[in-house]
């Protein structure tokens, strides 16, 4: 007897397997139900059709805190006449080794991310066959090899992308002396200094840039190595050429060495605290707190030296109890005639020195659309929250004043006081006779009294940008234009952070989410307002007026 549509033997076996899986208590909705097509004839796809997967960029370099797009594209030969539902899976092999772990799995619109990658990754899907992975807010430990796997029926193809973070490598020796760290101790001390274990590739790059260090140190792969640019007797001998010397892999629990740590870019600011007197370690920690900051870590100081050009010939306390200072422009009386971070080791904690602090907030004044001095304390909390920020503390306002914030309107602070910062004394702002400073009205009644507010924002997880649009937009059109661009209209706090920490510089006024019109200037120039950096404001124009717009996307590179 003839069967009109015979099933291939393999398809019959697969159907039998699928019918048995529920009885075995096993199912995988992401794969098995997609093996057979949906037209009922049981044909296996790829009869003469080949699936291809490729990455246009097999290696990628980025900075911590930034966003990155790992390219992946798939296509068929010959080209299919209709789209196919495929399973896309991204996985990650850490640079330190270990098991490959899942990052993201997607079938059509169904997407699921895993572990530390949750809410930080999504597929770009800009065009048919685009399976590129967009990663936001990159972390130090994200370095490694990423695999893009595309599965369609029985076909399974993949491509890999190596993600490497740009940064600075530095040797670290703990307070208790040389060669005291197991591999796991080394991981811990790097983490404590806002860094991670350096890879061999990172160390090799640092050696090429001039790093010369004679002590053997752990690396991420469990090897122990050290870079030599100037061969000498204690460091492998005069007869050896410059290079990275290796002890090979060592026992991670038994053997003890120093460590090479790796730190990437900062989203805040390291600075030498101007203080009337020198401080012991405890006083230094408190002085940074009083200044609205924290005492800086070693990795933060190295990153500030490497990426922000921090140059200071004054030794200062750091969080680990060490004394160091950064030099980008070598000169007499500041150590060797080459750039670097100088170290005096670990001084007795009662000794008196300066201190390096780290701050990662930006303070800005805020006045709502309905006018000046209209906010109770609880209103002030609410409007800061709406602008992706929180009420500023006095210490944060004081630090902003020292950095040049000059504002004559009184505003609420987190402690319930009302204050305002003046760098240029004048008659309406306390009078010409008063010195510059933070003026205070003291504590005010939180329900009855009304003022403006000072908000503070921390670094972003995404990017603020001025939308390139063919025409100007009213407020409603601006909101929709950002949405059409895969983003949202930016908030005031987000614009301030992008100006302060990301160097956003644009001489075009644009709508923000609260209906205000602003633009950020980091490089002052003529026709762009006052000749000092800042976020310029045009207040709250009528919403039907036509202007540009600033958008915020958590997934932009």
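Cβ coordinates come from backbone N, Cα and C, glycine included.
Positions annotated as signal peptide by TrEMBL: 1-25.
TrEMBL lists 65-164 with the feature domain 'Ig-like'.
With DSSP states grouped into helix (H, G, I), strand (E, B) and coil, the domain 'Link' (168-263) comes out at 22 helix, 30 strand, 44 coil. The feature domain 'Link' is assigned by TrEMBL to 168-263 (among others).
The annotation disulfide bond is assigned in TrEMBL to 214-235 (among others). Listed in sequence order, 214, 226, 228, 245 are the same-chain residues six or more apart from residue 235 (disulfide bond) with CB atoms under 8 A from its CB.
What TrEMBL lists as domain 'Link' is 268-359 (among others).
If you look up TrEMBL, you'll see 288-357 (among others) marked as disulfide bond. There are 28 other Cβ atoms within 10 Å of the Cβ belonging to residue 357 (disulfide bond).
If you look up TrEMBL, you'll see 313-334 (among others) marked as disulfide bond. Spatially close to residue 334 (disulfide bond) yet at least six residues away along the chain are 313, 325, 327, 342, judged by Cβ distances under 8 angstroms.
Across the range of the domain 'Link' (362-457), the DSSP-based residue counts are 22 helix, 30 strand, 44 coil. What TrEMBL records for 362-457 (among others) is domain 'Link'.
Taken from TrEMBL, the feature disulfide bond applies to 408-429 (among others).
Positions annotated as domain 'Link' by TrEMBL: 462-553 (among others).
Taking Cβ-Cβ distances under 8 Å and a sequence gap of 6 or more within the same chain, the neighbours of residue 551 (disulfide bond) are 464, 465, 466, 467, 481, 482, 485, 487, 488, 489, 490. Look at TrEMBL and you will find 482-551 (among others) tagged as disulfide bond.
According to TrEMBL, the feature disulfide bond maps to 507-528 (among others). Just so you know, the Cβ of residue 507 (disulfide bond) picks up 16 other Cβ atoms within 10 Å once every protein chain is counted.
Taking the Cα of residue 429 (disulfide bond) as the reference point, the closest of the disulfide-bonded residues 288, 357, 507, 528 is 528. The Cα atom of residue 408 (disulfide bond) lies nearest to that of 528, taking the disulfide-bonded residues 288, 357, 528 as the candidates. Over the domain 'Link' (268-359) the predicted model carries a mean pLDDT of 93.
On its own chain, residue 528 (disulfide bond) has 507, 519, 521, 536 as residues at least 6 apart in sequence with a Cβ closer than 8 Å to its own Cβ. Same-chain residues at least 6 positions away in sequence with a Cβ under 8 Å from that of residue 288 (disulfide bond) are, in sequence order, 273, 294, 295, 296, 355, 357, 358.
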